[in-house]
Amino acid sequence: MRMIHEGGERVDEITLATVAKATSCLVALEPGKQIHAHVIKTGYSLDLCVISGILDMYIKCGDMGSAHTVFSDIPAPDDVAWTTLISGCLENGDEGRSVSIYRQMRQSGVQPDEYTFATLVKAASCLTALEQGKQIHADAIKLELSLDPYVATSLVDMYAKCGNIEDAYRLFRRMDVRSIVLWNAMLVGLAQHGNAEEALDLFRVMKSNNVVPDRVTFIGVISACSHFGLVSEAYEHFSSMQRDYGVEPEIEHYSCLVDALGRAGRVQEAEKLIASMPFEASASMYRALLGVCRVQGDTETGKRVAEQLLAIEPSDSSAYVLISNMNAAANQWDAVNDARQMMKRKNVKKEPGFSWIDVKNKVHLFMVDDKSHPEADLIYDKLEDLMKRIGEEGYVPDTEFVLADVEEEEKERALYYHSERLAIAYGLISTPSSAIIRVIKNLRVCGDCHNAIKYISKVYQREIVVRDANRFHRFRNGSCSCGDYW
DNA sequence: CTAGGGTTAG
């Protein structure tokens, strides 16, 4: 900065590019703007290295408005400039825009490189857009960039996150040089799918290949144990992590362990562990425990945990929702109303549940009771037919999962139109009968839908993969890969 | 001389 102001020394494009990068690392918008002004004044804004440094600076500072302006002023953006913008949209949570900017990039004739694909595949992974991800993969293969270590890791993660663990594995096996990040992506993918044994096997293979596990590896390993109910193994890995690998436990590791205890129903032990941590408790830990209390119907402990959660996050809608769910399950409708009143008073909004499905390269999103889809009539007919058929097969609606105090029959209908069922009904009518139906839901799948989907997989002989906020459920012939443990 | 953009967890 002194160089700029004093003006005596030679400030060339290399210096400016370097300074712009330094500024973007510091995430300092004001000095960044000064450098930008100086770049314009001295005419260096036509230099691609300098201007993409400036672009990155705005992105890192979260000023996407300025970033788009800077980009649109670049006369002929090269691969680096395009990739910077694509990764900027991703970093700022606008993954859809990353993909559409990629399309513009292709139209402009600039060839993407391995950096572009690593970023872009991650965007598809965040969007859980399998079809788009596959298409991007195909592009990468055409340009012979799909086996780049970063691209391949992104692809493994993308396939795993989109519920296609087989393709993730296939790609993983093809890689003859495997970085720790690649191992971790595969391991975490397996853990999220509830394939705990495979995840733990992979962990052993990894160690026998002399790959040293790191902090992320242990997050995967402990969460694999957690998903499989292996509490003592979780504890063992937790202590081995420090003892054998010098990885200090972080709040994320505690969080996995708390989760493992909770899922095993050992809520009080989990509370003790939280109290003994060298960290402040996180809201997500209490949220996990609250979910356990609800599944177990332990209203007393649930209330205590909910209070602890609200002490950290007073406007956490999930606390209120879980409290009111528990009370609804116990038929304590006064308490349900109290929780609702309190939400109103504190102006806490319930996070709306929605599910989506990727059909023919297009994402179809459904809310509860949603009739906005162009094929809504067909979908609701299918749903009607479907509910009749699974009823004949023995499905009984469990109205415990309805949040309102309404009559029984009405309660049943409220369950019919949960967003995941709409998405599955659409999947049934819009995909070939042999295709796997893959649905993603932003919240945790409800117990009744979980049960209904088991029946649907049996009656229609369809494999259905549902990714909820927590993990994957793979429904086949009437049962789920989670073993009803989630 | 050759700057500026990339992967796993939460």
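The backbone N, Cα and C atoms fix where each Cβ goes, and this holds for glycine too.
Listed in TrEMBL:
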- A:78-112: repeat 'PPR' (REPEAT)
- A:148-178: repeat 'PPR' (REPEAT)
- A:179-213: repeat 'PPR' (REPEAT)
- A:394-486: domain 'DYW' (DOMAIN)
Whole-number mean of pLDDT values that fall within the domain 'DYW' (A:394-486): 87
Counts of helix, strand and coil residues, the repeat 'PPR' (A:78-112), according to DSSP: 27 helix, 0 strand, 8 coil
Residue numbers, six or more beyond the limits of the repeat 'PPR' (A:148-178), whose CB comes under 8 Å of its CB atoms: 114-115, 117-119, 121-122, 124-125, 128-130, 133, 137, 140, 185-186, 188-190, 192-193, 195, 209, 211, 358, 436, 438, 440, 465, 467, 472, 474
Secondary structure tally of the domain 'DYW' (A:394-486) (DSSP, helix then strand then coil): 37 helix, 16 strand, 40 coil
For the repeat 'PPR' (A:148-178), the number of residues DSSP places in helix, strand and coil: 23 helix, 0 strand, 8 coil
Helix, strand and coil residues within the repeat 'PPR' (A:179-213) as assigned by DSSP: 26 helix, 0 strand, 9 coil
